[in-house]
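Here is the structure we will look at, set down as structure tokens.
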């Protein structure tokens, strides 16, 4: 389902958590909500608004926030914000290290299991869309693409249409079919390709092992415990008899007017410069073991300031390049998001965007 910017969402009633025998009834799979959006769309504010209403723990979906010593240029949540609600996958790596989408998927699935086991609701928040795709679609378990099979599937689709192939997918892999829209040609093709190559449903190959006992939390910033049963979300139903395959549902903050988002990006980059971004990069350079080719130093903002400190261009050019690079990142993020047919879209330009996004996420968790 796609709810376009400006559309209203049907209101859903909420039931308090009852930890008695009746709370053992569970849905086919837990819904894990993902709050996505481009840079400067207000994801952090919306997540914190939601944390005031439900017992959530936030799992960052951001390839820059994993790095320590990189606070200003990544718009990292403040110490106060992180004390108010547990955050994960923030400050877990040195800038010298690399972090892959596969590592993220492993960490995020484990963290979601542990959060649910604690009686809380995992909320994934961020804009690194490759991480989100890895989480939802998987990576390593699947075979490589096969050109001949893809060509055959495209011929079938030309004759019968993608909805017909979706119906065939539903017969051999109903779990994947339930997550893929009937006209999502790319994902239908991939699921059928995997089945032809392996003889197994893609959902079976991608089935994560949600083991709450597996290891300690990664990058967990502690906050006070919240009694889940004191909140108005039934997390006990999610916690009990957890099925092996979670369902990911996305709420996406997207602009109805890109010029407004562009203005925010410029204001945000200027605020970072005023807050000491150049000093932050100077301190990173002073370590002596970092260089511009590292993934951490290629992050938007850091790359431009590093070049400025190298004397490649003046301050005004550095500022312009930093803002332009951020706008290009935003454009790529929106391209990813708009390729996702099943998402709830909230207009991030509106003054009440945070409240509306929080309400949309709460509806994903609402008992049916």
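Glycine is treated like the rest: Cβ placed from N, Cα and C.
Neighbour density for residue 38 (ATP binding site): within 10 A of its CB lie 27 other CB atoms from the protein chains shown. For 37, 38, 39, 40, 41, 42, 43, 44, the entry in TrEMBL reads ATP binding site.
Of all Cβ atoms in the protein chains displayed, 20 besides its own lie within 10 Å of the Cβ of residue 42 (ATP binding site). Among the features that TrEMBL reports, substrate binding site is placed at 39, 40, 41, 42, 43, 44.
For the region 'Interaction with substrate tRNA' (62-65), the residues of the chain that approach it from at least six positions outside its boundaries are 73-74, 76, 89-91, 99, 104, 125-128, 130-131, 295-296, 299, judged by C-beta separation under 8 angstroms. According to TrEMBL, the region 'Interaction with substrate tRNA' annotation covers 62-65 (among others).
For the region 'Interaction with substrate tRNA' (186-190), residue counts in helix, strand and coil come to 5 helix, 0 strand, 0 coil, using DSSP. Taken from TrEMBL, the feature region 'Interaction with substrate tRNA' covers 186-190 (among others).
Outside the region 'Interaction with substrate tRNA' (298-303) by six or more residues, the chain places 39, 63-64, 67, 70, 73-74, 269, 272, 277, 281, 284, 292, 322, 325-326, 329 with a CB less than 8 A from a CB of the stretch. TrEMBL lists 298-303 (among others) with the feature region 'Interaction with substrate tRNA'.
According to TrEMBL, the feature site 'Interaction with substrate tRNA' maps to 128 (among others). DSSP classifies residue 128 (site 'Interaction with substrate tRNA') as coil under the three-state reduction. Under a cutoff of 8 A between CB atoms, and with a sequence separation of 6+ in the same chain, the neighbours of residue 128 (site 'Interaction with substrate tRNA') are 61, 62, 63, 64, 104.
The annotation site 'Interaction with substrate tRNA' is assigned in TrEMBL to 150 (among others). Within 10 Å of the C-beta of residue 150 (site 'Interaction with substrate tRNA') there are 15 other C-beta atoms, taking all protein chains into account.
With DSSP classes pooled into helix, strand and coil, the tally for the region 'Interaction with substrate tRNA' (62-65) is 0 helix, 0 strand, 4 coil. Here the Cα atom of residue 42 (ATP binding site) is found 39 Å from that of residue 150 (site 'Interaction with substrate tRNA'). Cβ neighbour counts within 10 Å, taken over all protein chains shown, single out 37 as the most crowded of the binding-site residues 37, 40. Those same-chain residues not listed among 37, 38, 39, 40, 41, 42, 43, 44 yet with C-beta within 8 angstroms of the centroid of the ATP site C-beta atoms are 127, 253, 348. Apart from 39, 40, 41, 42, 43, 44, the substrate site neighbourhood in this chain, defined by C-beta within 8 angstroms of the site C-beta centre, holds 37, 38, 45, 127, 253, 348. Within 10 Å of the C-beta of residue 44 (ATP binding site) there are 20 other C-beta atoms, taking all protein chains into account.
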